[in-house]
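A.B. asks: Pasting a structure here, questions to come.
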C-alpha cells in the first residue's frame, strides 16, 4: 500500500472517537460479536479490503473485524459519504483508511486502488466498485476510469488469493449477478443485501427514515401537504413512501413492475408513470437502482421549485447530465442544494449532486438498523474464512441460520420475549394427517 492512510484531517480523531462510541452503544448485536471475536480471533492474519461508506457505524464494523485479528484497508464507497472525523479516528486505530468527503472521481478510484493494493484475502463492498475494479484488472477489460487507475497499481494476478467477498447493497448485487451470468465472477461473494435481517430493516426502515432526514436537513421544507413522488417500490421505495406519508405528504409511486405497482396501489398510494407524476410533484425521490429515471422530458414538465433527491446507490437515477444540458443557469443555495434555472423560467433544486441523499446531506442510517446489516457482514466474513474452500465462484445468500441468529440477538437486546412452540405444536406441524 502506498500510504498507511489518507484522510482530510487526522486531528479530528478525538471527535470521531466520541461519534463511534455513541454508535456502538446502539449496536448491541455487533458489540456481542466483537466481544467474541476478541476472544476467538477467527480472522487472525486475514487481510480485508473494504469499500464502504465511512460512517460511525462502519467504524464499529471495522473495529470488530480488526479485533477478530484482521488487517483492514478501507476506501469510501461514495465521494460525498465520508464522515471525516470518523476516518481520522479509524486511521488512529490502525485501519488503513483512504477516504475524505468531497473526493474527485480520480481521487475516489485511486483510493479504492490503494485499499486493494494490500493484496486482500477477503473483499467487502457497498456498490461493487472495488469488486468490479479487481475484475476489470484481472480480466484485462480496459475500459473506464476504474480500470485506468486500478491497472497502474494492481497486478492482474491480485484476485488469485482472494477467498471470497461480501456485498452490502442492491445495486452491487445486481452488478455481481451480471458478472456471474457472463461467467466472469472470479471468486465467491455473499450477497449480504439479500439477507432478511438486512433488506427488511436496513432498506425499508433505515433508508426510509434517513432519506427523508437528508431532504429535510438540506431544505428545511414542511413535508406535510407536499406531493412526494417516489420512483421505485422495492424495499427502499416503500420505506420512503411510508415515512413520507407518515409525515403528512401526499405520495405518488412510479413503478415499472406490475406486481409492485399493484401492491403500492392497494397500500393506498397513487400510482402513475413519471411523465404524469412530473407535472404534479413537489419532491421527487428516486429509489430504483436504474439509470435516467428522471430525465429532460420530465424536468421540463416540473413545477417551479420542485426538489430532486436520489436514494439509489449511484448518481445516475436523476440525469444530472440532462439537467446541466437544458439549464440556462445554476447556483448553489447551500452546501447540499443546487438551483437550476430551466428555459421555461422555472427552477428545480438538486440535493447532493444526485448522490445518495441520506449520506450526502445527512448521516446515513440510524445505528440501530446498521447493527443488523453489519452483524451480517461480520458473520459473512467469518463464514468465508472458515468455508472458502467449499465455495464456488458465484453469488451466495447467507444461510438462514445466520439471519435467525442475528434476529434472536437483536430481540434479546431489545428485551423482547419470543413465543416457543410446545412439543404438541411441533408434532402437529410435522404431521400430514392433522
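Using N, Cα and C of the backbone, Cβ positions are placed for all residues, glycine too.
Just so you know, TrEMBL annotations never went through curation; they're auto-generated.
As annotated in TrEMBL:
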BINDING   55, 126, 168, 198, 202  substrate binding site
BINDING   169-171, 203, 232-239, 255, 290, 311-313, 358, 365  NAD(+) binding site
DOMAIN    203-364  domain 'S-adenosyl-L-homocysteine hydrolase NAD binding'
A.B. asks: Looking at Cβ-Cβ distances, which residues of the chain lie under 8 angstroms from residue 255 (NAD(+) binding site) while being 6 or more apart from it?
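C.D. replies: The answer is 231, 232, 233, 237, 261, 264, 271.
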A.B. asks: Measuring CB to CB from residue 198 (substrate binding site), give everything in the same chain under 8 Å that is also at least six residues away in sequence.
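C.D. replies: Looking at Cβ-Cβ distances below 8 Å from residue 198 (substrate binding site), excluding near sequence neighbours, one finds 168, 192, 372, 373, 376.
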A.B. asks: List the same-chain residues at least 6 positions away in sequence whose Cβ sits under 8 Å from the Cβ of residue 203 (NAD(+) binding site), in sequence order, or say none.
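C.D. replies: 170, 193, 234, 235, 236, 239 - these are the non-local Cβ neighbours of residue 203 (NAD(+) binding site), listed in sequence order.
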A.B. asks: Using residue 126 (substrate binding site) as the reference point, find which of the binding-site residues 169, 312, 365 has the shortest Cα-to-Cα distance to it.
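C.D. replies: Closest by Cα distance to residue 126 (substrate binding site) among the binding-site residues 169, 312, 365: 169.
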A.B. asks: Residues with Cβ closer than 8 Å to the Cβ of residue 202 (substrate binding site), same chain and 6+ apart in sequence?
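C.D. replies: Expected: 365, 369, 370, 372, 373.
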A.B. asks: Can you tell me how far the Cα of residue 312 (NAD(+) binding site) sits from the Cα of residue 55 (substrate binding site), in Å?
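C.D. replies: Residue 312 (NAD(+) binding site) to residue 55 (substrate binding site), Cα-Cα distance: 18 Å.
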A.B. asks: May I ask for the distance between residue 55 (substrate binding site) and residue 169 (NAD(+) binding site), taken between their Cα atoms and rounded to an integer number of Å?
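C.D. replies: Just about 16 Å between their Cα atoms.
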A.B. asks: Given a 10 Å Cβ-Cβ cut-off, pick out the one of the binding-site residues 126, 168 that has the most other Cβ atoms nearby.
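C.D. replies: The largest 10 Å Cβ neighbour count belongs to 168.
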A.B. asks: Once the DSSP letters are reduced so that anything not helix or strand counts as coil, what is residue 237 (NAD(+) binding site)?
C.D. replies: helix
A.B. asks: Per-residue pLDDT averaged over the domain 'S-adenosyl-L-homocysteine hydrolase NAD binding' (203-364) comes to what?
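C.D. replies: It averages 97.
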A.B. asks: Let me know the most crowded of the binding-site residues, choosing from 55, 169 and counting other Cβ atoms within 10 Å.
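C.D. replies: By the 10 Å Cβ neighbour count, 169 comes out on top.
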A.B. asks: Would you work out the biggest C-alpha to C-alpha distance among 55, 126, 168, 198, 202, the residues that bind substrate according to the record, and give it in angstrom as a whole number?
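C.D. replies: Between the outermost Cα atoms of 55, 126, 168, 198, 202, the distance is 17 Å.
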